[in-house]
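I have placed the structure first, in the form of structure tokens, so that the comments after it can refer back to it.
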Amino acid sequence: MSSMNPEYDYLFKLLLIGDSGVGKSCLLLRFADDTYTESYISTIGVDFKIRTIELDGKTIKLQIWDTAGQERFRTITSSYYRGAHGIIVVYDVTDQESFNNVKQWLQEIDRYASENVNKLLVGNKCDLTTKKVVDYTTAKEFADSLGIPFLETSAKNATNVEQSFMTMAAEIKKRMGPGATAGGAEKSNVKIQSTPVKQSGGGCC
């Protein structure tokens, strides 16, 4: 299994953040396992998955942490910002409030993450065209003003999901430069079993 293969050139720790219900877990499920479920339930605390990718002839192991969006878990998840190489901020294109809260999530990054961490803005659920309230141009201009890459995704039909994680990996690799090695990121590799605990309530697309 490629995800268990220790032979890799880089290990990047990525973090998914954003309001509860925007589809963070579904994006991760689509990217890591290429599956989707309508009945995915709210993440409690933190879960993570690993996927190994090839980029520019290099093998990159992505350790992707999925955080709970609920306020009561904010203190738990804040510690996961430290050591992250890239942070993906997710909002729901059908939920204006989730987009408005992106600024608050970016403040969390400034507060807890390393100064040079890579960021990516993702507008999820773009398949729900009739319910869309956050315009692509509005989000793109916002991201451009901050110098952050932006993509609209759909975990449901797999639109741009692969591209989002590959974009993030490429940005981190570019920042680290040719001299970086897998060992440089190894200190953030937390050895725990992935045993997500879920509770019912609120699906995602």
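Keep in mind that glycine also has a Cβ here, set from the backbone N, Cα and C atoms.
In Swiss-Prot, the feature (Microbial infection) O-(2-cholinephosphoryl)serine is attached to one residue out of SER42, SER79, SER98, SER188, namely SER79. Per Swiss-Prot, the residue annotated (Microbial infection) N-beta-linked (GlcNAc) arginine among ARG72, ARG175 is ARG72. Of the recorded residues, LYS49 (ubiquitin cross-link) and SER25 (GTP binding site) place their C-alpha atoms 10 Å from one another. Neighbour density for GLU38 (GTP binding site): within 10 A of its CB lie 9 other CB atoms from the protein chains shown.
According to DSSP, GLU38 (GTP binding site) sits in a coil region rather than a helix or strand. Mapped onto three states, the DSSP output places SER79 ((Microbial infection) O-(2-cholinephosphoryl)serine) in helix. When the binding-site residues SER25, GLU38, ALA155 are compared by Cα distance to ARG82 ((Microbial infection) N-beta-linked (GlcNAc) arginine), the shortest distance belongs to SER25. Secondary structure at ALA155 (GTP binding site), taken from DSSP and collapsed to helix, strand or coil, is coil.
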